[in-house]
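Engineer: Before anything else, here's the structure in question.
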């Protein structure tokens, strides 16, 4: 009987527990918990959960809002993945890592720079390169366009293609570190087929003034910057391609008469502001490139240093050194290349300019181009820009970027307060109709109206700053003072868009940045302050304040060259054909008329149509 009495309550308790659990399961905001008492009977305990609000269209804070944009690599590439067992670089892994905005270990970057510099130091100042080869112009920190060059239908894979780069790998673009490290890695892997020349931006002076140093400090450290700028001193200055073409970054110099003059330059130093080394990096062909210009060299006012060289200067140099042409970079071109007036003695373009940074600064809307020289045929292959990750201008953080948004809201609140005061003043005047305005009250109302107008104008400017932030930052990058031109904001959105219209306008705005930046005050070994005035004259100031002229820079007076007359010929930018050229005598068959050249152009276009990824221009060179 006692047993039955004990079982009955247990059964009833179990039934109650089951009923309670059933009810609790119907309620999402409750939880059940079992608790054992002294008689080993389980009693349910109910815990209430706070009500959960129903949110539609939830946005995860873990997943990307734009799924197509992948996360940047958060960890550096491991050392054993970056380096192969034979101490070469794993280029596919490095490219993949850089493509995902990844970075390297600090020590690995320094090791790559040291290895590349050791190879470059052993090369002569004037290197010899042979065809087949791909020649590239400026890349300026555009890593994603650099990788496009290495595609098979443009420049070719560096593993089985000879390459010659003409300098300007850093500054202006936001991926200069990736460009220089990847090029150095290619040099380490292919030291005998991958060649790098020095450009005017490969120096401490310009990288401090433009973006490269800031990028190094943002991504790595000042120690990395010091190692890289030191490695720039090891880059050769010129290359002789197949014994026929002089390849340099900038151009000719009045101090350079022969190829030996280039080979004898001491390049292991920071480029000076004058002299043959400076001219190889900074000089440009004249805008009016014709035989009518009798001077050979004139000061280069656009660059603020070096010279502009004429058609006569180039032809004289080519004839004396038995060359066909000068291949250079240094200047942005809308088509990615420019074939200057052809040499009357050879029928070949006297100067060829290459520029391999498409849509330069994300503003020029230009094409990039490389020159492929193979089997005595030159193919100029054009290509367009590749999409790349977005960086805020000058590596700006989001708080600085958001200041126009905050300022606009503050201006709106201030305007509301001032308008409120103005409305109260008007209401007060309506109630006091019989009282005439005194001069002080009228003056106060005018001041209040002026404040409202000023704040309204300021609010419109902040609104424009917010809406056109990217355009304004691009205009700032073109300005040497890094400021918006005065009055441009008040002209509105259309004026900003017009300021960044086409290639010609962008280049005109950016022209000031093509000038050699002023030398900052420095202290020499004697503790004297070195300072340059606006005319480019260098002075030193001692501890007493005495001023002395420094003789560190040579006079820029242009030399007078020979005054021979040369027949004017027209340069055809496509399908220039020369027959029976002997490099020793530099003679040519001049029987080809313009009509024949046009017919040859049509025939070659039919034989080799351009691909969808590049535009091909062919130039044949006789053996």
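Every residue, even glycine, has its Cβ placed from backbone N, Cα and C.
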Engineer: Record says 168, 249, 330 bind Zn(2+). Source is Swiss-Prot. Which of 200, 365, 366 does it list for that same site?
Structural biologist: 200
Engineer: Name the residue range among 346-350, 351-355, 356-360, 371-375 that Swiss-Prot annotates as motif 'SAPNY motif'.
Structural biologist: 356-360
Engineer: From 86-95, 376-385, 426-435, 476-485, which range did Swiss-Prot mark with region 'Interaction with PxIxIF motif in substrate'?
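Structural biologist: Per Swiss-Prot, the stretch marked region 'Interaction with PxIxIF motif in substrate' is 376-385.
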Engineer: How many Å lie between the Cα of residue 401 (site 'Interaction with PxVP motif in substrate') and the Cα of residue 140 (Fe cation binding site)?
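Structural biologist: Pair distance, Cα basis, whole Å: 24 Å.
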Engineer: Taking only the Cα atoms, work out how far residue 138 (Fe cation binding site) lies from residue 201 (active site, proton donor), in Å, as a whole number.
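Structural biologist: That comes out at 10 Å between the alpha carbons.
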Engineer: Under DSSP, is residue 140 (Fe cation binding site) helix, strand or coil?
Structural biologist: coil
Engineer: Hey, what's the Cβ neighbour count for residue 201 (active site, proton donor) at 10 Å?
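Structural biologist: Around residue 201 (active site, proton donor), other Cβ atoms within 10 Å: 25.
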Engineer: Inside 8 A of the center formed by the CB atoms of 138, 140, 168, which other residues of the chain have their CB, for the recorded Fe cation site?
Structural biologist: 137, 139, 141, 167, 169, 170, 171, 172, 199, 201, 329, 355, 356, 357
Engineer: Can you tell me the mean pLDDT for the region 'Calcineurin B binding' (390-418)?
Structural biologist: 76
Engineer: Run through the Cβ atoms and count how many others sit within 10 Å of the one on residue 138 (Fe cation binding site).
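Structural biologist: Excluding its own Cβ, the number within 10 Å is 29.
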